[in-house]
Amino acid sequence: MTSADYASRQRAIIAELNVAPHFDAEAEIARRIDFLAQYLRSTGLRTYVLGISGGVDSSTAGRLAQLSVERLRADGYDARFIAMRLPNGVQNDEEDAQRALAFVRADEVLTVDVKPAADAMLRSLVASGHAFETPAQQDFVHGNIKARERMIAQYAVAGARRGIVIGTDHAAESLMGFFTKFGDGGADILPLAGLSKRRVRGVARALGGEELIVMKVPTADLEELRPLRPDEHAYGVTYDEIDDFLEGKPVADRVYETVLRFYDGSRHKRALPYTMFDWPAA
């Protein structure tokens, strides 16, 4: 591809992911709290539910959610935010998760250990006769099972509490497809949509998040053979490079190539299930 081709695709992706050319943290906070409050009221439902991992994304989305329900209550609408801790046994960075909960200040906190359910599913797969190709493949699949068990737990609570599940997907993760389909990618509302990773950090900082939360190294921490593996190691590019792409800045050819490969390869994650009316794509 030529430089002009790269730039053309970059502009199209930025528009598709709704990344604004300019950023004002305080304005984004106000806009996103308004969005959350208005949406919940419009549904007639009463509760937001979100899993809090300890990272900046869930911390930021959680604080926005809490502020939105407080606004609704001040206006006479009975609303509540439930933060869920969803460890897989003992979480490696539990201290960070507790710090995040203190920042979010949710109305209610529920803790559900997903390890028994995730391990039981893996055992059932093995007992069925299914054979994994390598221990690494088994570990990867097991990691995605954990992510999906977490979403099952959140939807169970939301279903019982007239609730809506919040997702933490933002433009950088959406661009790279770095989420589990029907796991952490399964949600009803995405208050961080359109933000690059550095802009999520900017919102978190403006909300009063301490630097240990704001600058925590992003990790899905789903694989037991590679605990706390940074997202950037999986990408092969840094978040700064991803964010530069999203914010319309020039990046090296290798960054264009890597970003576009991830974006094209994860297109199915950003779409509803295909039907015969969708394929072949126009």
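Positions of Cβ are set from backbone N, Cα and C atoms, glycine also.
As given in Swiss-Prot:
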BINDING   Gly51, Ile52, Ser53, Gly54, Gly55, Val56, Asp57, Ser58, Thr168, Lys197, Thr219  ATP binding site
BINDING   Asp57, Glu173  Mg(2+) binding site
BINDING   Arg148, Lys181, Asp188, His268, Lys269  deamido-NAD(+) binding site
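Residue pair Lys269 (deamido-NAD(+) binding site) / Ser53 (ATP binding site) shows a Cα separation of 22 Å. Of all the binding-site residues listed here (Gly51, Ser53, Gly55, Asp57, Thr219), Gly51 has the Cα closest to the Cα of Asp188 (deamido-NAD(+) binding site). The number of other CB atoms found within 10 A of the CB of Gly55 (ATP binding site), across every protein chain shown, is 23.
Put simply, Arg148 is the one of the binding-site residues Arg148, Glu173, Lys181, His268 whose Cα lies nearest to the Cα of Gly51 (ATP binding site). A helical conformation is recorded for His268 (deamido-NAD(+) binding site) in the three-state DSSP classification. Asp57 (ATP binding site) has a Cβ environment of 23 other Cβ atoms inside 10 Å. Around the Cβ of Asp188 (deamido-NAD(+) binding site), a 10 Å sphere holds 17 further Cβ atoms from the protein chains shown. Around His268 (deamido-NAD(+) binding site), a 10 Å sphere centred on its CB holds 11 further CB atoms from the protein chains shown. Of all the binding-site residues in the list Ser53, Glu173, Thr219, the shortest Cα-Cα distance to Lys181 (deamido-NAD(+) binding site) is found for Glu173. Taking the Cα of Thr219 (ATP binding site) as the reference point, the closest of the binding-site residues Arg148, Glu173, His268 is Glu173. According to DSSP, Gly51 (ATP binding site) is assigned to a strand segment. Cα of Thr168 (ATP binding site) to Cα of His268 (deamido-NAD(+) binding site): a distance of 18 Å. In space, Glu173 is the closest of the binding-site residues Arg148, Glu173, His268 to Asp57 (ATP binding site), judged by Cα positions. Rounded to a whole value, the Cα-Cα separation of Ser53 (ATP binding site) and Arg148 (deamido-NAD(+) binding site) is 14 Å.
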